[in-house]
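Written below as structure tokens is the structure these notes are about.
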Amino acid sequence: MMLELISSVKCFEGEQRVYQHSSKTLDCDMTFGVFLPAAALEDKTPCPVLFFLSGLTCTHENFIQKSGFQKYAAQHGLIVVNPDTSPRGIKLEGQDDAYDFGSGAGFYVDAKQEPWSKHYKMYSYVTEELVELVNANLPVAAGKRGIFGHSMGGHGALICALKNPGLYKSVSAFAPIANPSEGAWGQKALTGYIGANKADWDQWDATRLVSQYESTPQELFIDQGLADNFLAAKQLLPENLLAAADSNEHIQTIYKQREGYDHGYFYISTFVGEHIAYHANLLKATKV
């Protein structure tokens, strides 16, 4: 479980790093970002860890460069890990034909359909291999793990938490694709990766998972800009998830609606500090 350090820069008395490793799950080399706060660097103090999953077309770089999260992670003493959005460096016919399927669009599912099933296993990568890598190589506090994401990555954060009760102590999502079975983006991805049988989509749809959830009570913090054109186009459908949660006593929701904000990184950068404070509180991080 070796990591290769690609870059490291000082940032808010911590370090923003980028690592690369050979992924057994995805059968390719993968790159991901890690922010280490000062406490994790100076005396290797174990810190809570927060995973961020990015959206369509993104790599690990977008969140690092555009969100401004490092200031808030430093204040709360959080390690933040952000992986890429799909396998890279492989050769599959059609993987670069569209922005919403293939490269940059892994949708955080484990593909069942050929040729995608050999490499496109982002769900297992995020919830298993990446967690094991982080635990083995970084000073993370045992059991103090949260997850959040944006758009496709918001969908990913929700399903990773709902399918693994107790793995993440905190969950939030910016403008998530909350009911992919009912939206064009999700239907395309689920058909291509999982197959045409819609019954097989249920385990990869946050709204369906909320309807079926019967485990440890889980709170979901959903954040949505009201000027988001993808909200208007019915690609996101947070209202469906909220309705499902209202009928399930095991799920609680916080729903923040942001007047005038769209789907992009100006929106994320405006509210990322609020999200990190939310996670820090639940992870019992120490504000420094």
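Keep in mind that glycine also has a Cβ here, set from the backbone N, Cα and C atoms.
Just so you know, TrEMBL annotations are computer predictions that nobody has curated.
These numbers come from a predicted model, not from an experiment.
As written in TrEMBL, here are the features:
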type	residues	note
ACT_SITE	Ser151	active site, charge relay system
ACT_SITE	Asp228	active site, charge relay system
ACT_SITE	His263	active site, charge relay system
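Feature annotations (TrEMBL) mapped to structure.
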residue: Ser151; record: active site, charge relay system; Cβ within 10 Å: 26
residue: Asp228; record: active site, charge relay system; Cβ within 10 Å: 21
residue: His263; record: active site, charge relay system; Cβ within 10 Å: 21
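Put simply, His263 (active site, charge relay system) is 8 Å from Ser151 (active site, charge relay system) when counted between their Cα atoms. Across the fold, the C-alpha of His263 (active site, charge relay system) and the C-alpha of Asp228 (active site, charge relay system) stand 5 Å from each other.
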